[in-house]
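As annotated by TrEMBL, active site applies to C273, H330, D353. As annotated by TrEMBL, Ca(2+) binding site applies to N393, D395, E442, E447. According to TrEMBL, the domain 'Transglutaminase-like' annotation covers 265-356.
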Amino acid sequence: MSQVVDIERYDLDIKRNSSSHHTEQCGKERLIVRRGQPFNITLHLKPGSKEFKPGEESFTLIVETGPLPRKESDTKAAFGLSDSTADNEWSASASYDPSGNSVSVSISSSPNAPIGLYSLTLDQDGQKTSSGQFTLLFNPWCTRDAVYMRSETKRQEYVLAQYGIIYKGAAKRIKGKPWNFGQFEPGILDICLKILDDNPKCISDADKDCCARRNPIYVTRVLSAMINSNNDRGVLVGEWQDFTGGVHPGKWIGSGDILHQWAESGPVHFGQCWVFAALACTVSRALGIPCRVVTNFGSAHDSDANLIIEHLYDEDGERMSNGDSIWNFHVWVDSWMTRPDLGTDFDGWQTSDPTPQETSDGVFCCGPSSLKAIREGELTKKYDAPFIFAEVNADVVDLVRLSSGKFVQFSGSTKSVGRYISTKAVGSDDRHDITHQYKYLEGSKEERQVYEKAQHHNKLLQRGEEPGLHLKIKLADNMIVGSDFEVHAILTNNCVDARICTFLFFAKAVGYNGKLGDSCGFTSDKVEVPSGEERRMSLRLEYERYGSAITSDRLIQVSAITIDKQITNYHKAEKTIVLDEPEIHIKLLGEATVRQNVTASLTLLNPLPEPLQDCSFTVEGVGLTEGKPLTARIEAVGPKQEAKASFEFSPTSAGPCVLLVNFDSDKLKNILSSINVVVKESASTEANTV
């Protein structure tokens, strides 16, 4: 029996461990480490204690996590001292420092251990001494971890970056919006662990759930369900129409405020896809799973799972409702991990989607599904591959229902779904197009096999030799919200004889999810188009009419349809207008220095021909505003007048930071901008350093 080590106190050496485990941004108050990598603690012995000899004297370390720690569930492990730590299981080694009368213990966790909050206990022949707590995260720096990512620059972007860009708009009008993920802000990690603890699977079987937290596939699927509140008391309530009693989704500029609100009072009102995705990214990065936010332009919602989006029309050209739709854009996340359940061919990026669209195994969640499975059409590979494949690669068919009840196809597209799939580039604010990761490039051998039946038609179309009527829409150059402008529909007759058609041209407000709103413009005519000629129809869109119809997405869908009932011939063209928004001009008055007040001046010109009410500016920045949004409310702003505000804040950390700004009002919402801020050390800090 070895002699009991007489311990006076223990030191978790948080500063050094945090630095080596890339968790220093989490703060200095607690020990946060990544699995599969050693960390050190120091045991300070009482004065006069016998010298500790690692080869002769020993003790057992016990680590436990979850409400019901069990060895069988890998939520409890007991291990003694060895000559060195192992890299595939819980292990420890020790060395004695006689000058400090202390024992340095190196502890290495299993690279397959469940993540979460652990207690650490020292057991000396039944005499147990608590040695504190630590939080264990996934480890993209560990080659044996399922989330290992080889590139350091990618780890910096997809794990450690607290600022990002989320893309919105339409395929031909892509706009990047800044977002504060803030995964290392105070309190956020505890909230992320609470999300796991509050999930229904944990509530029904905590032992099984905590054991499963070793697996990033499982954790990602739980997050996909818990970020929305549809089947549980998840984080965010989705809403696309009535925002009474909550915050409009366009006002959020960071994840921190939403997560804190949820932790304090339950589901937060309201969110839409980019907010759901941003929260999933924040939580994933906080837990150590590499994650990126992805936007798919022309994103299909295939409600009947036939991989075809069917647009139905009556004989007068009016859209008939059905479950299928195409969103102007949709936002989800990709997470990086291995897929031992599918095979090594499907390792890498995995798509999951926390926006509640369709149920999966009875719950509103989606994924994770391997991008390689989506790209190869391996739709039997779990989870939810058919739905995600349709989002990026469904065919579109336009059908008209005749008075006889028969449906006739008059148009369609194999290219309008899944365009310009975008994410923020690694190490820069550029947009990175990742469409090729989701599907084969146009013109490749694999793509030609898919489109073989339409090959001849496409070649004729590219050379302009396709006979028949051709319809296209031309938009104006400057379409800023508040202005009046014209759009044009152009009908060209490439037939050998003249055509007489009913020409319809109309505009409707539309949400980013493809849901049509009120009409904001319509014109029609009966036209004769001689062979080889064209006819133009103009539609003037006036703010007086579209201003009250559009949503905060500032989108208008314009559609032109020609109808030749004599030969049952229909043609359609459609475009989505993304109205330009006013710019927020941000000016920093003076240099930004740690713990010294600095002022940011904000200006926005009201472009509308009417006043703005309930105006406010909100700013937020990691390292600048202490993780909290600051809001300034201002008086009404008249037509073509400037809204002005200034904020005083005191930066908390030196280095490059980003100040995010949001302007909100009754008629203009979701106006976002940002400015890069380089914070300098204060003179007193530099002096102390010297």
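Backbone N, Cα and C atoms are what each Cβ position is placed from, and that goes for glycine too.
The recorded positions under consideration are D353, D395. Their Cβ neighbour counts within 10 Å are lowest for D395. The shortest Cα-Cα distance between H330 (active site) and any of the recorded positions C273, D353, D395 is the one to C273.
Sparsest Cβ environment among the recorded positions H330, N393 (other Cβ atoms counted within 10 Å): N393. In this structure the C-alpha atoms belonging to D353 (active site) and C273 (active site) are separated by 9 Å. Restricting the average to the domain 'Transglutaminase-like' (265-356) gives a pLDDT of 92. Looking at D395 (Ca(2+) binding site) and C273 (active site), their Cα atoms lie 23 Å from each other. Taking H, G and I as helix, E and B as strand and the rest as coil, DSSP gives the domain 'Transglutaminase-like' (265-356) the counts 19 helix, 41 strand, 32 coil.
The Cβ of C273 (active site) lies under 8 Å from the Cβ of W327, H330, V331, W332, T355, Y512, N513, each on the same chain and at least six residues away in sequence.
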